[in-house]
Amino acid sequence: MSRPPPSTRPTPPSSSSSSSSSSMSTSTGTLVPLATLSPPIPGGSPAWHVAFSIDGRYLAACVGNPDTRVLVWEKRRRRRRRDGGSGASLSRGRGRRPLPGEDATDATKAKKSAEDDVDVVDEDEEGGREWELISTIRDDDDDDDEYGGRRRQNRPGSTSSRRTIRCAAFAPTCMSSLILATASFDGKVVVWERRRRDCYDGRDRDVDDDVDDDDDCEYDEYDDRDVNSFEAITQLEGHESEVKCLTWNATGSLLASCGRDKTIWIWECRLPGTVGGGDGNAARDGDMGGGEGAGEFDCLAVLQGHGGDVKSITFGQSHGQFGDGDEVLYSASYDNTVKVWAEEDGEWYCASTLDDTVHSSTVWCVALSPGGVRMYTGSQDGSIGIWKMRTSAELSRRRGSSSSSSTRGVGGGGGGSWDCVGRLSDSHSGYPVMSIDCAPSRAGHGRVASCGGDDRINVYREEVVNVGGTIMSSSSDAPKFALEAVAVDAHDGDVNCVRWHPLDGTCLASCGDDGAVRLWRYRR
């Protein structure tokens, strides 16, 4: 995105500024740089998207042209030697691979002997864990194998296909399987799986999980490959042009993608480590892991209705207010609207369209609170919309009242709806709000991070009151927000994405046009 030179950019608002529709005060908090996982490269490739795995152990980042790739880091435990030596990063595992002439039992004993010489740094201690780059994925069109092009392995030195990979998302799979989906500008979605062995080389299993029987170890041609590489297990086609975003539902049984062709595709998935997907390894097992159909994807629906590119999508809880399913899908578009899609009798339909008067330009992003009853939207117009889910009972009580000033989504297959209850109108100095993410519950009530075209990352906190020992929102119909922490010049250029660590509530990841991927520590 082109931007004016620094001398002509508007001055960032002071901490005392407030929004026009939702009051905003100041608070004390800081965003401290924690690490730069991928350094900025002047004139290099922008980094478009970052994503944590469901357990927070892995982080992926999408880097665009000219060096298109996906970087994957793992959070490793750092050990400290009892003799006071340096704290090297040691992988957790159940024993290294035997050396020539050495059996597996001896290798395991050697590994455990080395483990006895170290102490584990407490996980809560600053720096107790560190991030290690474990894989670089390059989707190479020419790297087909015996599966007739179904799989494409990222090999060292492979050349990029030069197509921008715009988004990545980890499936909510169990720890025995790591699945990553990527969306690219050639209209394709690729699903990758991290390689898994029958016997590990010290990377993926706890040291207490010993090798008990030499016969349990089978090293074959597959096992000789890099255990940290990712292999493409399927490629989903259907979009006519750029795929801009994708998202998994809570169980990993659905994958949705959206793009420039104004459509949303919903795929039913059977993946290892997910509900109904078995526990095998899709990239290795002939039956695609876990029985008939595991690892397969079937298109459930192609949703149409937006008048412009669909920029962002996310699944959320329906709370019984939309359709008859447990989940609904939210989409944000260049047509200035957000739509709610629900399922009824196995068919997906548009259950609600949030009014386009809240934002005057493209809605870039949409995010949900952990409970799924508060929604935040970020726009090209520089504002953040704050929305509240209304149940059918609430709407019945409010029906006929003309005192409400909120903007309501129209429609609603289950009787529910969404009201806009606030708006932070100048959240990023008039520049576009590129990304919003809600903190996990552990971070405290109502914390939201946003980033934008002003090179900044903001953390907001919804003010609360204590009523009889119960912490409640200041006003669910007119919430007040404090700008709690700001990282000025977080990146040298637009900050394209920000994501909270899904568990600890104090760590955030960001990426920007400068190509950098950074970690931040949030302190309140």
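Cβ atoms here come from the backbone N, Cα and C positions, even for glycine.
Remember, predicted model here, so these are calculated numbers, not experimental data.
Residues annotated as compositional bias 'Pro residues' in TrEMBL: 1-13.
Residues annotated as compositional bias 'Low complexity' in TrEMBL: 14-28.
According to TrEMBL, the compositional bias 'Basic and acidic residues' annotation covers 106-115.
Residues or ranges marked as compositional bias 'Acidic residues' by TrEMBL: 116-127.
Positions annotated as region 'Disordered' by TrEMBL: 1-46 (among others).
According to TrEMBL, the region 'Disordered' annotation covers 77-162 (among others).
The annotation region 'Disordered' is assigned in TrEMBL to 395-414 (among others).
Residues of the repeat 'WD' (236-268) grouped by DSSP class, helix first, strand second and coil last, total 0 helix, 20 strand, 13 coil. Sequence annotations record features per position, and here TrEMBL assigns repeat 'WD' to 236-268 (among others).
Sequence annotations record features per position, and here TrEMBL assigns repeat 'WD' to 303-341 (among others). Residues of the same chain lying 6 or more positions beyond the ends of the repeat 'WD' (303-341) and with a Cβ under 8 Å from any Cβ of it are 242, 244-250, 254, 256-260, 262-266, 348-356, 359-368, 371-373, 375, 377, 379, 389-392, 409, 411-418.
Taking DSSP states H, G and I as helix and E and B as strand, the repeat 'WD' (356-397) has 6 helix, 19 strand, 17 coil. Residues or ranges marked as repeat 'WD' in TrEMBL: 356-397 (among others).
For 488-524 (among others), the entry in TrEMBL reads repeat 'WD'. Long-range Cβ contacts of the repeat 'WD' (488-524) within its own chain (Cβ-Cβ under 8 Å, at least 6 residues beyond either end) map to 1, 3, 12, 27-42, 44-56, 59, 61-63, 71, 131, 432, 434-444, 447, 449-453, 455-457, 459, 461.
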